[in-house]
């Protein structure tokens, strides 16, 4: 057998899949990399879908990494289908290493008829600046071929279970915290690739009109600064945006609010307890009672971090939301209503505006003034 194909298998047993594809962001002793692939071709004479698995070791020679084994196999397969456009999908236990990432970029550049989507269970060395730059080069090349990288969510794990695992018709049983780990990795990948928000998404969700219908999602944009010589210095690698997770989406049976998703990812930043940090959030809705309580608890447990919250609108479910805002205020979080300056800052920083300036909607300033007065009354416990 060709040595490149020795580690090509048709399927894996359930325990091996759950062990190797577990998506906890930091995992030790997972040195085997699994790559499940699907290859589809376009056109009326397309051959059937090809789907198998390669495996390799992280610390072995580069030629033994599963990505390189796939390329070796694919080069032979491609000779039979040279003129056809191909859609290649990978499902990987680890994202490609730095060298493999560069080889993936070369592979795509040499064959423009191939598109590649990479779903990863975990991110390899995501804190390393060189690795972050390699991922950006692979996924953000504007004038050339690029890969589309995503974090595996419940649907992808279930697909792999059904497609590549000898499950004997057993249902996929997600492990504890699968959806939470997905959100953390999704946010981290967004930070690395510097994802931007669609302009319509921003203007629709951050519009501060007092009466909005159908705005059930909460968007949260954030940035982090570190105090250096009495000056706040922006940490460019620590900014991004996210939204709440709706019920039954990505494995969340009850959903998860944006603020809680945000708190989930902060521990993975490894903020130095000897330094001072300022975290600023720009939210389409102010926090609900539970989220406000959790954010206040975070501040109390992390004295080296200060929190500033700018909200486009005030969330009020006629419950304890006002009490939650007062709890945040008492915990010394700075809570304010977004004004034109904050909307423009978010537009310039978090939106894929393609060079277009921020255009304020009618009565933006008037709505901000009214909401600011209402927030002051809530924090002073007036009329409650």
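Using the three backbone atoms N, Cα and C, a Cβ is placed for every residue, glycine included.
Among the features that Swiss-Prot reports, active site, proton donor is placed at 259, with the record citing sequence analysis. Around the Cβ of residue 259 (active site, proton donor), a 10 Å sphere holds 25 further Cβ atoms from the protein chains shown.
Summarising the annotation, Swiss-Prot assigns Zn(2+) 1 binding site to 65, 97, 100 and lists sequence analysis as the type of evidence. In sequence order, 62, 65, 67, 68 constitute the residues six or more apart from residue 100 (Zn(2+) 1 binding site) in its chain with CB-CB distances below 8 Å.
Residues annotated as Zn(2+) 2 binding site in Swiss-Prot: 257, 288, 291. Around the Cβ of residue 288 (Zn(2+) 2 binding site), 21 further Cβ atoms fall within 10 Å across all displayed protein chains.
Under the heading domain 'CMP/dCMP-type deaminase 1', Swiss-Prot lists 29-138, citing sequence analysis as support.
Per Swiss-Prot, the feature domain 'CMP/dCMP-type deaminase 2' maps to 214-328. Across the domain 'CMP/dCMP-type deaminase 2' (214-328), the prediction's mean pLDDT works out to 91.
Positions annotated as phosphothreonine by Swiss-Prot: 32 (among others).
What Swiss-Prot records for 218 (among others) is phosphothreonine. When other Cβ atoms within 10 Å of the Cβ of residue 218 (phosphothreonine) are tallied across all protein chains shown, the result is 24.
What Swiss-Prot lists as region 'Necessary for homooligomerization' is 209-336.
With DSSP classes pooled into helix, strand and coil, the tally for the region 'Interaction with DNA' (313-320) is 0 helix, 0 strand, 8 coil. Residues annotated as region 'Interaction with DNA' in Swiss-Prot: 313-320.
Swiss-Prot lists 244 with the feature site 'Interaction with DNA'. Applying an 8 A CB threshold to same-chain residues 6+ apart, the list for residue 244 (site 'Interaction with DNA') reads 217, 218, 255, 256, 257, 258, 261.
Those residues of the chain, other than 257, 288, 291, with a C-beta within 8 angstroms of the mean position of the Zn(2+) 2 site C-beta atoms are 218, 244, 258, 259, 260, 287, 289, 290, 292, 294, 315. The recorded positions listed here (32, 97, 259) include 259 as those with a Cα within 10 A of the Cα of residue 288 (Zn(2+) 2 binding site).
Look at the Cβ of each of the binding-site residues 65, 257 and count the other Cβ atoms within 10 Å; the largest number goes with 65.
It is 13 Å from the Cα atom of residue 32 (phosphothreonine) to that of residue 97 (Zn(2+) 1 binding site). The Cβ of residue 291 (Zn(2+) 2 binding site) lies under 8 Å from the Cβ of 257, 259, 260, 324, each of these being in the same chain and 6 or more residues away along the sequence.
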